[in-house]
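Asker: Pasting the relevant annotations from TrEMBL:
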{"type": "ACT_SITE", "residues": "HIS110", "note": "active site, proton donor"}
{"type": "BINDING", "residues": "GLY13, THR14, ASN15", "note": "N(1)-(5-phospho-beta-D-ribosyl)glycinamide binding site"}
{"type": "BINDING", "residues": "LYS60, ASN108", "note": "(6R)-10-formyltetrahydrofolate binding site"}
{"type": "DOMAIN", "residues": "4-183", "note": "domain 'Formyl transferase N-terminal'"}
{"type": "SITE", "residues": "ASP146", "note": "site 'Raises pKa of active site His'"}
Amino acid sequence: MSIKLGVLLSGSGTNLQAIIDRIDAGTLDAQIAIVISSRPSAYGLKRAEAAGIQTMTLSKEIYADPMTADEVIASALKREGVDYVIMAGYMRMVHAPILRAFENRVVNLHPALLPSFKGAHAIQDAYDYGVKVTGVTVHFADDKYDCGPIIAQRALVVEEGWDVDTLESRIHDIEHELYPDTIQLLSEGRVRVEGNKVVVDPA
């Protein structure tokens, strides 16, 4: 079953592009109904427009009241008949208007193995801590930052001699595979939330 996605972003949109590419390749059974950006200069908007996807940008002023901003976003997502909200480098929290409208259907990607290294500088923080294993997490978002039931994780062994740029590049490579893979699980109806855990049914 093809699912309809609404993508939220704030930046370059490389994960958006990975999703678009997988849809175009026929290996992700989904369509992107709308891309919404918190920044008018986000390059992700250009990626969406190049793919013929409807875009929307919220002004800086509207974010002065996060609840109002999320009401506007939720209204747009509902209007487009979105099944899942995909956060792809969206540098703002989502609040009750979105979370209520799309309960257990707001998905976030984080460049570390949650619950470790939350926040906007996860890759640098993991590197500075000297971890030997890090990775990527896909989870359902809730009303706390980088929390919510974990859908999928993929680990990365940090090799000796890597600098932080190398680590970041490897993390992004995993993101661009894991996020579309996880969205495909959603499309196949194999993901269930039970309490604070996610169960992925076998194919």
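Glycine residues also receive a Cβ, built from the backbone N, Cα and C atoms like all the rest.
Just so you know, TrEMBL annotations never went through curation; they're auto-generated.
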Asker: What is the set of residues, excluding GLY13, THR14, ASN15, whose C-beta falls within 8 angstroms of the centroid of the C-beta atoms at the N(1)-(5-phospho-beta-D-ribosyl)glycinamide site?
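Answerer: Counting only non-site residues, the set is LEU9, GLY11, SER12, LEU16, GLN17, ALA18, GLY44, ARG47, ALA88, GLY89, HIS176.
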Asker: Of these binding-site residues, THR14, ASN15, ASN108, which scores lowest on Cβ atoms within 10 Å?
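Answerer: Checked THR14, ASN15, ASN108; of these binding-site residues, fewest Cβ neighbours within 10 Å: THR14.
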Asker: Counting Cβ atoms within 10 Å across all protein chains shown, which of the recorded positions LYS60, HIS110 comes out on top?
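Answerer: Of the recorded positions LYS60, HIS110, the highest Cβ count within 10 Å belongs to HIS110.
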Asker: Between the Cα atoms of ASN15 (N(1)-(5-phospho-beta-D-ribosyl)glycinamide binding site) and ASN108 ((6R)-10-formyltetrahydrofolate binding site), what distance do you get, rounded to the nearest Å?
Answerer: 11
Asker: Within 10 Å of the Cβ of ASP146 (site 'Raises pKa of active site His'), how many other Cβ atoms can you find? Include all protein chains, please.
Answerer: 20
Asker: With LYS60 ((6R)-10-formyltetrahydrofolate binding site) as the reference Cα, tell me which of the recorded positions GLY13, THR14, HIS110, ASP146 is the closest one.
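Answerer: For LYS60 ((6R)-10-formyltetrahydrofolate binding site), the closest Cα among GLY13, THR14, HIS110, ASP146 is found at GLY13.
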Asker: Taking the Cα atoms as reference points, how far is ASP146 (site 'Raises pKa of active site His') from THR14 (N(1)-(5-phospho-beta-D-ribosyl)glycinamide binding site) in Å?
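Answerer: Distance between the two Cα atoms comes out at 20 Å.
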Asker: Which ones in the same chain are close to GLY13 (N(1)-(5-phospho-beta-D-ribosyl)glycinamide binding site), with CB under 8 Å and 6+ residues apart in sequence?
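Answerer: Counting only residues 6 or more apart in sequence, the Cβ neighbours of GLY13 (N(1)-(5-phospho-beta-D-ribosyl)glycinamide binding site) under 8 Å are VAL35, ALA42, TYR43, GLY44, LEU45, LYS46, ARG47, ALA48, ALA88, GLY89.
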